[in-house]
Amino acid sequence: MSPQTETKAGVGFKAGVKEYKLTYYTPEYETKDTDILAAFRVTPQPGVPPEERGAAVAAESSTGTWTTVWTDGLTSLDRYKGRCYHIEPVPGEEDQFIAYVAYPLDLFEEGSVTNMFTSIVGNVFGFKALRALRLEDLRIPVAYVKTFQGPPHGIQVERDKLNKYGRPLLGCTIKPKLGLSAKNYGRAVYECLRGGLDFTKDDENVNSQPFMRWRDRFLFCAEAIYKSQAETGEIKGHYLNATAGTCEEMIKRAVFARELGVPIVMHDYLTGGFTANTSLAHYCRDNGLLLHIHRAMHAVIDRQKNHGMHFRVLAKALRMSGGDHIHSGTVVGKLEGERDITLGFVDLLRDDYIEKDRSRGIYFTQDWVSLPGVLPVASRGIHVWHMPALTEIFGDDSVLQFGGGTIGHPWGNAPGAVANRVALEACVKARNEGRDLAAEGGEIIREACKWSP
């Protein structure tokens, strides 16, 4: 019997509650390349030392519980426990601090975002010793990254499939998102694609309701795609939302989309869940479908500044679970600081290697090695007059997703799509000629209007 599992008669076991920091606060610990690292914003209850609360977070999200247990002697806590290895104050916040926690890799199932989140955030957020807790960032080690397939195809493969290069892609969400019949819905899809958009989109809550069952919608949208492709000579797509009440039904809808020969399907990855999303991503890679991801429900998790998770964590998790596009919001009209933070997680979606940069909200250097990139989707209240700023800020590897900015055109859907395409091509051309989009954007759009139908 090994020393760590041996028990001896007459040797007493000292039960009872002890301070977490005695076991889980280890400021001398040197992190390993294989550790998953987490940065938590901690708001403790009054009178509790930061070291104790940081250690409590490490304990309750790994091997710890509220009391000493005799079965601790049957394993190696030094191998499996989480460690709070550093604490730093939050500038301007007297009652908050950042606790850095290192988790040994063996705590996590390979290739499972579900298990990773269940461990790190599954229980500790209800800990009554904390007033609030927010997961600001994660460092995913290369050894764990390599256990994930990630996006079904990635940015370069998508461009090759679409044969579209050198500019952002254009999309539009069909409005009204609920209430249209399948045939009228398909008509709107055709008009937008025929007008010059690359994609149209189901909204997040378009699934299979009584007014429009999913199979009917898929058929009429496929007809619109093929008709617009024949008339424009361009490859088109519509994000067919495969999200369903069961994983089996979701895959059935994706199979039907593949049989129709359309290029892309869609999933609501937070409401659908990471297990369902990873399953769909694997199916899409195996069957040549692109996968568009909507982040419905994200604000429930990431909107509060002191509690929940920052969206950069959800974005990293999506890249691991799998998706070729994900909505990232838009920074048009926002404060400069928010712009930097948004572009920080946009780079985490697209780039292979991202350096630590606290000014952009990036707490850890992240190496994605061979995991494909994800196209950020800039959406939320944008229109053609935002096009210069969007082109400059997001660059070519992005999707500019309109809604009312296309459908709301006074002349109708097709002219709205034409306006989007003309504005984009004018901005890309001006940028390539060396013009300043920030200073000359309005004039560039006005010049383009003269030649727009």
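Positions of Cβ are set from backbone N, Cα and C atoms, glycine also.
As recorded in Swiss-Prot:
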MOD_RES   Pro3  N-acetylproline
MOD_RES   Lys14  N6,N6,N6-trimethyllysine
BINDING   Asn123, Thr173, Lys177, Arg295, His327, Ser379  substrate binding site
ACT_SITE  Lys175  active site, proton acceptor
BINDING   Lys201, Asp203, Glu204  Mg(2+) binding site
MOD_RES   Lys201  N6-carboxylysine
ACT_SITE  His294  active site, proton acceptor
SITE      Lys334  site 'Transition state stabilizer'
Is His327 (substrate binding site) helix, strand or coil when read with DSSP?
strand
To see if you understand the setup: which same-chain residues, six or more apart in sequence, place their Cβ under 8 Å from that of His327 (substrate binding site)?
Ile293, His294, Arg295, Pro376, Val377, Ser379, Gln401
Which residues does Lys175 (active site, proton acceptor) neighbour through Cβ under 8 Å, counting only same-chain ones at least six apart?
Gly403, Gly404, Ile407, Gly408
Taking Asn123, Thr173, Lys177, Arg295, His327, Ser379 as the record's substrate-binding set, what's the max Cα pairwise distance in Å, rounded to a whole number?
37
Nearest to Lys177 (substrate binding site) in three-dimensional space, by Cα, is which of the binding-site residues Lys201, Asp203, Glu204?
Asp203
Distance between Thr173 (substrate binding site) and Glu204 (Mg(2+) binding site) at the Cα atoms, whole Å?
10
Fill in the CA-CA distance, Asn123 (substrate binding site) to Glu204 (Mg(2+) binding site), as an integer in Å.
28
Local Cβ density at His294 (active site, proton acceptor) - other Cβ atoms counted within 10 Å:
28
Return the count of C-beta atoms lying within 10 angstroms of the C-beta of Lys177 (substrate binding site), excluding that atom itself.
15
